[in-house]
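Some features that TrEMBL has for this protein:
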type	residues	note
DOMAIN	B:82-160	domain 'Acyl-CoA dehydrogenase/oxidase N-terminal'
DOMAIN	B:165-273	domain 'Acyl-CoA oxidase/dehydrogenase middle'
DOMAIN	B:284-451	domain 'Acyl-CoA dehydrogenase/oxidase C-terminal'
DOMAIN	B:471-592	domain 'Acetyl-CoA dehydrogenase-like C-terminal'
């Protein structure tokens, strides 16, 4: 009953009509040959994999969940997951954006971005297995020794092996400075790692023959806190000199969490009992090395929620066009039926359009950001690499927190469209809500993202990165200043930009007096910043749609209507957020701890 | 690990210090003798039942769920539910606010309100069994024949039998006018009912020896639509003349829904195959009769979410005082520990205080509304009965929708306080979120509530009912006009009142042009109205707290701090809502159905 159609047309609109990615990619030596036909062909095939292989095992994967054999410590993923992964590997998908030096196809990240969106729409829990692997690939690619790279990157690129990131311990998640796992140097230059890790996504499973754990631990006599943490590579099976699998390393799954959602992904408790590992990067610099992986993972989490928003929207639309209930208040809209289709009821449309505007706005934002990463990695202009890196740094917490908060709203709305039928499992709508909820928590809670944005990325460099993004907005506003048809989009965009600038200055002054003012305002601030970004991309999309609206393709009509909806019904949320941000710290700290 | 302490002190504050309920009850002949000691003693005992009997089987009930034996059609509730119900009956709790004529204790509904809030905190899924029974009691009490009352009310009052409401069918929930179940008159004056019902809460179980189903069905040749629906009483077991149980009636549970939450309550598919029933009320007037039950149920649903908000808050506070993670941005708050307690982080406080302000504001609002129902039922002044009835009619959709939307926000925040530990089942936090979600859907979706508020209750009588509530607000604002300490509460209260009045006028004008404008603005409107109500009760509570803040009881300090938080951080949401409400219908209807 559930349905999913890859949004290829909308992706092509963003890629080719709004962002002109092939023109941009032409300027990057590595990607100069990537043309639109290649991009479209890859995404069409990728869409088939997502909709025909992953989507059919999404609801069943949720119902069945993962199972742990406590004697062998082996985990079985839900029925069909292993076979889908085999198809994924056979199709060469893990290699899509990987380095050709290690067997990758070297395609730009904009393609990977779209591919992952579709896979997340198809099945978030499944997609976390290759998602974590790709994060491990990136961390090793950036910080691994030549030997580590030679041994592990080809296997991660092919997908033959998968990866994890082992950070959290029972007493510390956000505050990794408190972690206790220990690494003892061995005579042969390796380390024996001992400790207990929890919440390890894709931590144990039967999809691949080996699992490459990236583990944070402390060396003997390491400084206390976050400056004494090192990163280690700990494979499930040791690897022989010839690349074949050796002995089982004592890194065992001792339990699986029973969770609200993402049941198809194994959230493992991992016990390391003198497991053999090798150091990745410099001693005591493990957090920095891991952050390569975490930044990629944060963008990935935003993408999970983007995928959920899209698929929830599609299903809610299908239901709203089919379900009949009540007459419109203004008179029958389907007089031939015993009641009107619920898509004629204004608030049903409001719920649907909310999801649609968040999905399409998020898609444009996320693809644009992926393009910035391609520039950051492959531009031959150092300034451009730096500019792109700054924009990505600024926008990463917004992608993570704003898109995941929006998906929580959107998936809940889409479920509500189904009424009571949304609350029962058979339609899959409540699963989207449950799956979406974790995205607000892991890879740094959304509060942590907001502190990263306001404290570090904005105030931490005196607003320089924010100004760089603001300049893009300003240029666009000025360029369209004489375009009458664009005023309905440009004016509110300029307005929210001005207000964010003023708010930033005000908060900066306050934070100067008391650093906790940052924590009091950061969550509201991030949502206002997120709306500025969305307003910018919606205005850019509206511009293209306005230019082409008479071309006879109703796609542009829909795009314009959704843009107008965004500016009328979603952007005004900023009015309340700016007010609450400005009320500051005092109303939060007045009450003594004991009185809670 | 999970914890729940009945909020007796806060209930007493609302009952005795803010509302002076015993003074009000003295004016009602039936309740003139109810004194504060009685109320407090009942609530203290009730709190023990909720916290010591219901709460311990909440998480286990969610995990275990209900099971249906498909051959016998019998349902087993989770372990402990039956025993808890036996204790409930033995304690005389079902009779609390029931009519003494049928064995009830005749206590006012304000007490019942508090009792149910605590039971919902303890275990929403369990509490739905007696909750539905009480609704059936009320519908029968209002519309039953003398014979029906004599036979069934004493059993519902004692709790020996339970009740249900059987409305929804697979093709109709909101739009009951489309229902198809049929009732055929028999020679003896009874009816044979045939049809299929779904989503029947507490529809089948092993808690009681008989279940009294109230079933909506159509008589032969009934008018089409909602004017052709009649209400029937269909017991699971027929009742002999001597009151003993007779033959099994063919009203069978054929399936249980697998749901997002409230797993401990049996959501039954019910098949009626010529089941014998008797008519309740007039032929074709079934919806009106059922609305007696539905209005009570809507208040009950708001109360479910109030209970969840309170218990989620308590658990999140306990965790935030225990969990240490990161240092405060302004410097260490617990230098003796390796990190600060997370309750020192401003955004954690914001999440906690959001839940607290919604719980305490909702409690005052709900108890006050229950007091209005006591007046509506038992005042000897007809005008007062009418005034109270009007206020209850106005506020019922706000209680239902505003409090349940708030609980969705609050339980999600409280879960977020736990980080990843909130997402796993062991702490019970994610269960509160899942349980809270149904409250926004059943007994009329929150969109339906908003249409009821704006379309019927406000615009439908030209704002008369709204003005009656507005007058309470205005009087309070004027009375406190010279009280300098109250200005911080009175000014924003008066402001939101003015804005709601203007918005109402504007929407009334628009609706005159196009009735769908009501549907476009109603959900935003209800939230603004909800905030007006909350601002009123928070201002009233602040007034008492200001008067007593020097009495040495820190309770008043906390109350004032929470009031200030509400006005600073929650009420400003109305700024955005008023804007989106005013943007009207056009942005929702621009897009053609085919383009969704």
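In case you wondered, yes, glycine gets a Cβ from its N, Cα and C as well.
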Secondary structure content of the domain 'Acyl-CoA oxidase/dehydrogenase middle' (B:165-273), with strand meaning DSSP E or B: 7 helix, 56 strand, 46 coil
DSSP-derived helix, strand and coil totals, residue by residue, for the domain 'Acetyl-CoA dehydrogenase-like C-terminal' (B:471-592): 103 helix, 0 strand, 19 coil
Overall pLDDT of the domain 'Acyl-CoA dehydrogenase/oxidase C-terminal' (B:284-451), taken as the mean: 97
Per-state residue totals over the domain 'Acyl-CoA dehydrogenase/oxidase N-terminal' (B:82-160) - DSSP helix, strand, coil: 63 helix, 0 strand, 16 coil
